[in-house]
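Reviewing the structure listed below.
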Amino acid sequence: MPNASSWSASSPLLLLWEDSSGTRIFLSLLYAVLAISGTLSNVMVIYLVFSFKKLQTTSNAFIVNGCAADLSVCALWMPQEAVLGLLPPNSSSLRSAEYRLLRGGLLGLGLTVSLASHLLVAFNRYVLITKLPSVYQALYQRRHTGCMIGLSWALALLLVPLLPGLWTPGSAQQSPPRQTDGSSRYTALLLALAVLGQTALLLHCYLGIVRRVRGSAKRVSVLNFHLLHQLPFPAAPPPPRRAQRRLSSVSVLLLCCVFLLGTQPLVWVSLLGFFLRPAPPALQAASWLLLCSLSALNPLLYTWRSEEFRRAARSVLPRGEGPAAA
């Protein structure tokens with residue numbers, strides 16, 4: 001079985017060349033489904049936020065930023081992977097170093113900004129719930145919000161060219177074997193530590209929200225912010241306080257579980273490959289696929305509990321409420 005470097009250097013679809021044609025066709029169809037559903041859901045969220053004034057909140061600005069980044073993965077990168085998986089292994093398109101760098105750049109840009117947006121949304125909600133309203137208003141002025149969004153893209157644009165091996169599986173194909181081995185191991189370690197740190201901060205924010213909501217449901221109910229409606233908590237009419245706290249906690253924990261399911265397999269596969277030995281290629285491919293699938297699921301994670309989003313969606317979908325009724 002080839003090692004991690006030879007696997008990544010020969011795989012445009014995060015697959016081995018010796019995989020059966022049936023496996024490649026199945027994963028190409030999976031990429032196509034994720035591309036279509038992710039593109040539609042991300043575009044829908046962006047459209048709703050720009051079309052309805054009630055949805056134009058600071059939290060939703062970060063959500064829209066994540067949706068724009070996810071479109072780089074769902075609308076630009078995934079369709080190419082779906083098509084390339086159906087081409088013969090000796091196709092000239094698969095051997096082009098420039099084309100591999102372009103695809104890797106799209107993937108790296110989208111995933112980096114998307115992960116940063118997850119953290120920005122979590123921190124925004126944490127400050128809203130756990131800090132005084134004056135602190136929230138001072139921190140999340142329009143200028144500050146724009147700077148946070150701009151920094152997420154600047155960080156992504158900085159990382160993509162500096163660490164090409166991090167996001168471009170085939171970029172090291174022309175390198176000597178020893179250099180390829182070392183660079184692949186260290187870039188995988190860097191990726192794992194970055195995602196692990198981001199996950200720890202995100203969990204700290206959401207678990208802090210759960211503790212505050214469970215300990216003081218009254219304080220949450222009197223905060224006069226439209227942003228509160230974008231939390232993954234039940235909207236009005238509220239259930240009894242005990243049931244409300246339980247449902248709020250379950251909603252936040254469910255969001256965290258989905259995020260962990262999408263990110264942690266790649267983290268631990270990368271750490272395993274650095275400290276012990278490379279994981280089986282199929283496990284590496286599955287961990288990458290889970291991470292990329294988050295780009296299609298993110299719009300649902302942040303809007304499924306929002307009554308404002310559901311009402312806005314009903315007003316634009318066929319046979320829904322009219323804008324006036326909404």
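Quick reminder: no glycine exception, Cβ is built from N, Cα and C everywhere.
In TrEMBL, annotation is done automatically, which means it is predicted and not curated.
Keep in mind it's a predicted model, so treat the numbers as computed, not measured.
Taken verbatim from TrEMBL:
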DOMAIN    41-302  domain 'G-protein coupled receptors family 1 profile'
TRANSMEM  25-50  transmembrane segment
TRANSMEM  62-80  transmembrane segment
TRANSMEM  100-123  transmembrane segment
TRANSMEM  144-167  transmembrane segment
TRANSMEM  187-209  transmembrane segment
TRANSMEM  250-276  transmembrane segment
TRANSMEM  282-304  transmembrane segment
Contact ranking winner - 25-50, 62-80, 100-123, 187-209, 282-304 against the transmembrane segment (250-276), Cβ under 8 Å: 187-209
Intrachain residues whose Cβ lies under 8 Å of the transmembrane segment (62-80), provided they are six or more past its termini: 31-32, 34-35, 38-39, 42-43, 45-46, 49-50, 103, 106-107, 109-114, 117-118, 120-121, 124, 145, 148-149, 152, 156, 230, 292, 295-296, 298-299, 302-303
Proximity of the transmembrane segment (100-123) to the transmembrane segment (25-50), 3+ C-beta pairs under 8 angstroms: no
